[in-house]
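What Swiss-Prot records for 41-115 is disulfide bond, and it gives sequence analysis as the kind of evidence. Here Swiss-Prot flags 20-44 as region 'Framework-1', drawing on similarity to another entry. Per Swiss-Prot, region 'Complementarity-determining-1' is recorded for 45-52, and the stated evidence type is similarity to another entry. Residues annotated as region 'Framework-2' in Swiss-Prot: 53-69. The region 'Complementarity-determining-2' annotation in Swiss-Prot covers 70-77. Annotation source Swiss-Prot lists region 'Framework-3' at 78-115. Annotation comment: Swiss-Prot describes 1-19 as signal peptide, evidence class sequence analysis.
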């Protein structure tokens, strides 16, 4: 029996403040500790450049935890201190898709990951 810890990533779209925005995320992932995962969030109804995309997660039995997002005032992506060095958030404006990549995965990274605007 394989007793290796596996990390489950579930992704779901959070309702944004823009009434017509739809966010469609990639599906669930199972990863081993030490690996990395990249999840996507496709925007429709608006273009990605019109929005400020953020990523949050919710571990089992825990509250929502903000991971980072785009700061339109600075024009930069900012990350929560806890995730700096492990998370990268990017955007492909040609496809209106945002990405969040988390590396060096740990068992405590098991969570539902949300994109939100």
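Placement of Cβ uses the backbone N, Cα and C atoms for every residue, glycine included.
Residue 41 (disulfide bond) falls within a strand segment according to DSSP. When pLDDT values are averaged over the region 'Complementarity-determining-2' (70-77), the model yields 88. Around the Cβ of residue 115 (disulfide bond), a 10 Å sphere holds 29 further Cβ atoms from the protein chains shown. When secondary structure is read from DSSP and collapsed to three states, residue 115 (disulfide bond) falls in the strand class.
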